[in-house]
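Participant: For reference, the structure I am asking about is given below.
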Amino acid sequence: MSLLCVRVKRAKFQGSPDKFNTYVTLKVQNVKSTTVAVRGDQPSWEQDFMFEISRLDLGLSVEVWNKGLIWDTMVGTVWIALKTIRQSDEEGPGEWSTLEAETLMKDDEICGTRNPTPHKILLDTRFELPFDIPEEEARYWTYKWEQINALGADNEYSSQEESQRKPLPTAAAQCSFEDPDSAVDDRDSDYRSETSNSFPPPYHTASQPNASVHQFPVPVRSPQQLLLQGSSRDSCNDSMQSYDLDYPERRAISPTSSSRYGSSCNVSQGSSQLSELDQYHEQDDDHRETDSIHSCHSSHSLSRDGQAGFGEQEKPLEVTGQAEKEAACEPKEMKEDATTHPPPDLVLQKDHFLGPQESFPEENASSPFTQARAHWIRAVTKVRLQLQEIPDDGDPSLPQWLPEGPAGGLYGIDSMPDLRRKKPLPLVSDLSLVQSRKAGITSAMATRTSLKDEELKSHVYKKTLQALIYPISCTTPHNFEVWTATTPTYCYECEGLLWGIARQGMRCSECGVKCHEKCQDLLNADCLQRAAEKSCKHGAEDRTQNIIMAMKDRMKIRERNKPEIFEVIRDVFTVNKAAHVQQMKTVKQSVLDGTSKWSAKITITVVCAQGLQAKDKTGSSDPYVTVQVSKTKKRTKTIFGNLNPVWEEKFHFECHNSSDRIKVRVWDEDDDIKSRVKQRLKRESDDFLGQTIIEVRTLSGEMDVWYNLEKRTDKSAVSGAIRLQISVEIKGEEKVAPYHVQYTCLHENLFHYLTDIQGSGGVRIPEARGDDAWKVYFDETAQEIVDEFAMRYGIESIYQAMTHFACLSSKYMCPGVPAVMSTLLANINAYYAHTTASTNVSASDRFAASNFGKERFVKLLDQLHNSLRIDLSTYRNNFPAGSPERLQDLKSTVDLLTSITFFRMKVQELQSPPRASQVVKDCVKACLNSTYEYIFNNCHDLYSRQYQLKQELPPEEQGPSIRNLDFWPKLITLIVSIIEEDKNSYTPVLNQFPQELNVGKVSAEVMWHLFAQDMKYALEEHEKDHLCKSADYMNLHFKVKWLHNEYVRDLPVLQGQVPEYPAWFEQFVLQWLDENEDVSLEFLRGALERDKKDGFQQTSEHALFSCSVVDVFTQLNQSFEIIRKLECPDPSILAHYMRRFAKTIGKVLMQYADILSKDFPAYCTKEKLPCILMNNVQQLRVQLEKMFEAMGGKELDLEAADSLKELQVKLNTVLDELSMVFGNSFQVRIDECVRQMADILGQVRGTGNASPDARASAAQDADSVLRPLMDFLDGNLTLFATVCEKTVLKRVLKELWRVVMNTMERMIVLPPLTDQTGTQLIFTAAKELSHLSKLKDHMVREETRNLTPKQCAVLDLALDTIKQYFHAGGNGLKKTFLEKSPDLQSLRYALSLYTQTTDTLIKTFVRSQTTQGSGVDDPVGEVSIQVDLFTHPGTGEHKVTVKVVAANDLKWQTAGMFRPFVEVTMVGPHQSDKKRKFTTKSKSNNWAPKYNETFHFLLGNEEGPESYELQICVKDYCFAREDRVLGLAVMPLRDVTAKGSCACWCPLGRKIHMDETGLTILRILSQRSNDEVAREFVKLKSESRSTEEGS
């Protein structure tokens, strides 16, 4: 769909001027339009028409018709083929065409004309280019149209020539955006006016009614764009609007070969570098590697970047008017051939990147790359190429702001970065180019044709002089007096009868006009002029002369007092002095002539009315209209029951008085009896619905005007408006424009003069106060001019306001203008939207009745809205943060946007216009997108400029790299500058929507979103190679974290979400932790070596541990502090870090403990050193607990917590082991002390009675006995209490207590319980009584071991003393521990056994040893036994009968005769006088002998059977030598007691098993060598299987 613009200018006819009253009709594609009718042989229409064209094979038919009384006749016609019409966005001078008499038809369609006539018509026809299309592109398309037209009927097209020419972006690409998810693709679709919505750009192949020419999507970066960023670019900045449009897919619209560049235009105003995005799209595979990019910021351009230049073979069309001025701003490079080749390295990079199997996707396919990945393609490719050529020379150096430190993976990490500048500097000062912007809407928006229409300007100049030389504001008021009529007289104003007998009304004493008292204020005509007119008509020459002289004097005074007014008028219309003087004379004379020589023909068409009052009971009215001019009155027909009637009735009047008024009144016709009676009594029987009084002097030319209906009196109920088409032919002024057009011409020219000529493009804002300050448009002189003109010719104040608003729209970016425009539009809104109780006309209908033109104003607002949106999309550039004035303009611009939204909602009554807050938010986001793109692409330069760095880097190293991370901190710094500027400068200004828009937060959100995409992909690339040091990654992590926490974390849109940035760095943090573990272990070894060299000195007098512990945990805490300061918000990732760090802690501490444990025995001979080393281990445990709490304590990850708890247990075990080793190191010295104690104890004599003397003596003896031990303990325990940590001290005390107790038991009371050698000697030596002497020798002076009761009492007292000593009044071991100590209990039990009889000990043995028989596990045979237990009922004595039945499966090897027999022994108390042992006969060489022998044991009645047991022993009888034991079994009689008898197979074990109690009893009994029962018992329980022969 294309837009055809036709301007019907003038015509020249042959013939008498009186016979022509012509109009022109235009026909194309079944659409017909008609001009107004104009008289004369050289009529001038100057009317514009627009048509939507979908078929270019048709033509435009132009017919000129002459109006007749009955029918119209055709003067001539002309047919113009649409293919021949030029393409242009500028109006041309037009072409004269000869009118022909006949038309030629073909297939029912006009195809040409014939038979020329002498008449000619001037037409300007053109196809309009898309709004704001770049000038170069306009030339290109115009050239293409001309080229196509030049081909003629053959319609051939040279594809070869086309392929050689540089293609331009498609126009469709500028007017639409195909992304269905775009946040901005429908910004204008729901509120565009009918006019703007019906003219789609001519380059679309299909109609796109919603395609807004000012849409600007968020930029989309593609890999193709980024590959081309290294190619040559020419950029040219110009002044007008531009947008940023990217195209993810190709648009198949261009008539050339497929366009390879999308229109990548800036959201920026012309001068912004912020949005100078190097984004290009390749769409032609043949040209991918050879074409270069030219980006041009062109006037009226939707596209700043990506515009390919023309080749020299394409001559641009002639540029006229505004285009010439702007073309002059273009650099010379624009005119050179832009077809260049990219550098070889770019081609190489592209080839390398694509690889043999890689290629870009099809043009219409979606890109496989994310936005962030695209940034990296070029950087990664370059570095990989360089890595292939240049060997890696080590890790890159840290950025200057990163301190290099020891322990590579640990130090040099800045965990608390603050990237904000100490002195904020607006980044826009660095990002903006020199501003050369021409403020205002593009020429297509605010075309002011009145500036070029000299004929109209000349007429307006005269009318302005006429209005100002004798202004209405200075007219002479009437001199009214109360007057009595003697004859029936009618009011001059309302034509009503002056009722009454006397004093009926008012009469002016000067001019004689009569009216009602209520009507005198409605008579505002000048009294002098009225008097002059009347005198002239009645021949009162003298009186007339006097009046004329008075008027002359007044005009002279006016000219003398206000010369500046007429000078301004002369300057505005550029009239030379001589002509001005002559014109002043002419104007004065016309004023003096008044209406005496004035006449006009007036044609009034009553078209329709809207919103009338309902007067009938039915809620409706039956309106008709009366029109009165002078004394002539006419009326329309009645429209019944309609409040929005349409009459379409035309009336003709002749008027000879310029001061006359046209009185248009609307009535409600009543046809009932009441109205008929009223007709008889009153002139006005019908109900009054409203009136409008039109001054004839305010009429000019053809007017189509809506007039608001007004009241006659305060009692009138009036509403609505009436539409009148008025045609006025004033004698001598037949061809002038309507006064509204004339006022527009005056206002626009005055505005142009004051701003562009006097103000050099700046708008002077008048100072005005009060409620009507918005009606003051200029300074005093200029304001008086427009006000007087408006007053004279009836221009409504709202029309003045809308006209001034339209003028300001072309300068809306000048300082102070947005505020004025906002106020103006707010008052315009109030005028239309704020209805009163007296009117029921909707705001939309009132606006539709505007004389300014509904479509015109709506289109103006639509275009202004788009332009404002564009400028807000580059607010950082257009409204610098460093300029308070521009910031105020920014605030006013948003207010203006809000007013436009209010207008659309309340005045246009659109259903859902875009909310101003959302529009501003979208604009802010668009600006931030382009800002980020720019700082990303120019990061090094901007950073160097902002921080005055002199570092020069080659272009390929300025961007992101996989060999270093220098780029990213710089980018973060720039991002922070942007966010800070938005937060501190723009947020306080853009505060109109506090609930919906916070610029600082939006800035942080957008910047973080874009940065996150790039950062994520960058780190994915780094993961592949890990070319940077882990400390560098950690530093970057901290900066990213700081950026997130400072600006992003609290954003509402991210509340409740787990940030994703920790996941980007997880692998690098784990890598750092791996390296840190190695560093920590190395550090540990070094710390221990240093500590060892220093002799493990205490760190201070109060600290009981050495430096190595402090060093180790200082290093671990530093490492953990880095992890902690990461403040990882992702619990799962933090858990990974904690698990890994827990492993490091475990390795380090366990290696420390292992090293100490290994060397510890060597240090035990020194006094303090072992204690310090144990203190070190204990301090490890203390610090580990603190670190556990620091890492989260109960909140710590379960796996990490378990690891640390397990480590704590291990360290506890280590400390126990070291304490044991340390305690055992005192064994030799304690042995010596205890030996001395034993000697002293052996000298104690006396009985163990309980007399006081005996107790005192025992206490003294105990002190004497303890002296050797106490001397030793005093010296050492005092040292330990000083040197050891409390926990270590207790462990050392426990070990010493253990050693002392065991040694006393072993050396004083019994052989040591754990001395298996001694036990074995007991077993072996007791095998036969003849060897007891060996046992005695081993136990050293057995007589001393057989402690007397006195000695036991002394020893018991000594134990109490030792216990109190180790308790140390609560500073040592706890009493509970000491009392329950198994060592003490064992010793005391042994002592208690010393005083018991042999029978008691044996009974205790039998009752306590329940598991003596262990042959079940490894039996060496079995014996069948039958036991019967009898208890005498009288005496209670027990008799046991034992029958040895047989033996079986005896395991024995012997070289000689094997003669097994069974020995049965009764073990128990009170057996000294009874037979205790029986033996069976031996059986020769029988391993399963049968005995069947019965034995009887008699037990006393002192004890029950549970105190006795049978011990069965199978032996091999040997003659002349000791019998050898095969196996033993024990049968407690307690098992037989319940049943009374038992028969079983008893397995034979190798020896008797007993616990410590049994061994103790055995040892005590072994010392009673004179007791036969004891000696026999020891021998019996000490027996074990003899060694077999041959084994």
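Placement of Cβ uses the backbone N, Cα and C atoms for every residue, glycine included.
Just lifted these from Swiss-Prot, have a look:
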- ASP616, ASP622, ASP668, ASP670: Ca(2+) 1 binding site (BINDING)
- 230-242: compositional bias 'Polar residues' (COMPBIAS)
- 254-276: compositional bias 'Polar residues' (COMPBIAS)
- 1013-1156: domain 'MHD1' (DOMAIN)
- SER16: phosphoserine (MOD_RES)
- SER176: phosphoserine (MOD_RES)
- SER295: phosphoserine (MOD_RES)
- SER367: phosphoserine (MOD_RES)
Participant: Tell me, by DSSP, whether ASP616 (Ca(2+) 1 binding site) is helix, strand or coil?
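Facilitator: Note: ASP616 (Ca(2+) 1 binding site) is coil by DSSP, not helix or strand.
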Participant: For the binding-site residues ASP616, ASP622, ASP668, work out the Cβ neighbour count at 10 Å and name the residue with the minimum.
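Facilitator: Among the binding-site residues ASP616, ASP622, ASP668, the sparsest Cβ neighbourhood within 10 Å belongs to ASP616.
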Participant: Among the recorded positions SER16, ASP670, which residue has the largest number of other Cβ atoms within 10 Å of its own Cβ?
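Facilitator: Result for the most crowded candidate: ASP670.
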Participant: Nearest of the binding-site residues to SER16 (phosphoserine) by CA-CA distance, picking from ASP616, ASP622, ASP670?
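Facilitator: Closest recorded candidate to SER16 (phosphoserine) by Cα: ASP622.
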Participant: With a radius of 8 angstroms around the mean position of the C-beta atoms of ASP616, ASP622, ASP668, ASP670, what other residues of the same chain does the Ca(2+) 1 site pick up?
Facilitator: LYS615, SER620, SER621, PRO623, GLU669, ASP686, ASP687
Participant: DSSP secondary structure for ASP670 (Ca(2+) 1 binding site), reduced to helix/strand/coil, please.
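Facilitator: It is coil.
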Participant: Helix, strand, coil: count each for the residues of the domain 'MHD1' (1013-1156), based on DSSP.
Facilitator: 113 helix, 2 strand, 29 coil
Participant: Does DSSP give SER16 (phosphoserine) helix, strand or coil?
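Facilitator: Going by the DSSP assignment, SER16 (phosphoserine) belongs to neither helix nor strand, so it counts as coil.
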Participant: If you average per-residue pLDDT over the domain 'MHD1' (1013-1156), what number do you get?
Facilitator: 88
Participant: According to DSSP, which of helix, strand or coil covers ASP622 (Ca(2+) 1 binding site)?
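Facilitator: The three-state answer is coil.
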